[in-house]
Amino acid sequence: MAASKPVEAAMVSAAGPGSGSGVGGGSATSGPGTGSLPRWQLALAVGTPLLLGAGALYLWSRQRRRRETGARGDSGGLKRNSERKTPEGRASPAPGSGHPDGPGTHLEMNLLDRAQAAKNKGNKYFKAGKYEQAIQCYTEAISLCPTEKNVDLSTFYQNRAAAFEQLQKWKEVAQDCTKAVELNPKYVKALFRRAKAHEKLDNKKECLEDVTAVCILEGFQNQQSMLLADKVLKLLGKEKAKEKYKNREPLMPSPQFIKSYFSSFTDDIISQPMLKGEKSDEDKDKEGEALEVKENSGYLKAKQYMEEENYDKIISECSKEIDAQGKYMAEALLLRATFYLLIGNANAAKPDLDKVISLQEANVKLRANALIKRGSMYMQQQQPLLSTQDFNMAADIDPQNADVYHHRGQYRQAYTGNNSSQIQAAMKGFEEVIKKFPRCAEGYALYAQALTDQQQFGKADEMYDKCINLEPDNATTYVHKGLLQLQWKQDLDKGLELISKAIEIDNKCDFAYETMGTIEVQRGNMEKAIDMFNKAINLAKSEMEMAHLYSLCDAAHAQTEVAKKYGLKPPTL
């Protein structure tokens, strides 16, 4: 992302999504964000600008927003959003490359003048669209130029690469840019041109390293390079996630996550304790002991496993009820779908949700709950129209269901953007939810996130405290509160303390690992950041979330490689 994830709003507020659960039911307190919306608020939290999408990992502090011209190198510097298509004129001499005294100087300058003349002729051919002739002239300039004139020679190679680029000879472009960079390591034009060539050659890793170097050298001020970084990071993330996700074993979230997830629903029949009529007489007398279901029902057995927190057996027991077409089939379908969502298998969950929704004879509470979960799933998959339809249908069939309103409120928060009237409507909706359902921790958490987006930090902090009072073991709330400390008070120590507390509560909280990793990137601790991202990747609840996390990890890797190769590092906190 990523996920209600770290970086919660800055862009497509990416972490811009509202903050839904990473599973299809949506819990601001229990799960990852939805799609590309909330993952980026951390950028705001530390007061830094950010790139688009996954490239937002490249963050700079406020005091460095102004470009530092000295870091750009002597050639290749560009104005913001400028094009890099034209060849260059005579390059400025590199530091210390003044004209030497002594014999041979006149001959050397004569060769350099001839090389410059050949290059100037090549530039005229280039501007006329005669690229083959331009290449011949640049080749002549390269052959004439004294080898010690590094900056001039790098310009000739870069100009020839520009001509090769017009002919779409990408291999030659990359080769000439490599020569230019070897001669002038901080040559922005050559680095960016080579990045584009690597993109065409499908060398994504090399492309990412080059464009990362360009972003750092340009102070993250050029839209072209930032967009390319974002594009490559997303492609890499999707490729890696697709491969890993299809081969990984389903991973059940922690008991804390599951309980927090179900607690986000106040009107969910399947999460309620077993009714007296569902227990045997013997079990009714064994207060405090594990229940033993006498009735031959897979669903009731699954409910018993829920109470025992033996979650791994629930899907199989529900399947038994469904295969037998037992009297609890609708409940079993919904419970199985819910656990499919919890383990990140939305494809398996959707048919079960569809069937529950279509069962006209089923309890209206079951159908509404299935609609809310499917709507939240669509929200995570960035299908807003389908999500809206499901939330509205749930409200129509069960207008008194509180879950409809705060989960739809979460959805509205995710997609309101900058429309002030929609924002006001969403905020009013949150206020109504917490007034009507004062024991609903989820309502306070969602309202706190919305308040944070509106920079009402003090009130947001109060809402998080109320959420923690209601659910003291909810790890995700601690992460959100930690982010708030960064954004509100720039209190890094307090923020890290709260996020560490989240991991202590739930060592499967991928949101906490992702957030910690993003902070470590900004502190310049790349190895620790990569370790945090890898932990989050192994816990990701969807392929989309995993792709986002791989993008963050790859961005950190790229910065590590650029630091080794060129000695370039972005400023740290």
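Cβ atoms are placed via backbone N, Cα and C, with glycine included.
Automatic prediction, not curation, is the source of TrEMBL annotations.
The region 'Disordered' annotation in TrEMBL covers 1-34, 66-107. The feature compositional bias 'Gly residues' is assigned by TrEMBL to 17-34. Taken from TrEMBL, the feature repeat 'TPR' covers 115-148, 368-401, 441-474, 510-543.
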With DSSP as the reference, give the number of residues of the repeat 'TPR' (368-401) in helix, strand and coil. 27 helix, 0 strand, 7 coil
What does DSSP give as the helix, strand and coil breakdown of the repeat 'TPR' (115-148)? 27 helix, 0 strand, 7 coil
Helix, strand and coil totals (DSSP H, G, I; E, B; other) for the repeat 'TPR' (510-543): 29 helix, 0 strand, 5 coil
Could you break down the residues of the repeat 'TPR' (441-474) into DSSP helix, strand and coil, giving a count for each? 27 helix, 0 strand, 7 coil
Take the repeat 'TPR' (510-543) and average the pLDDT across it for me. 94
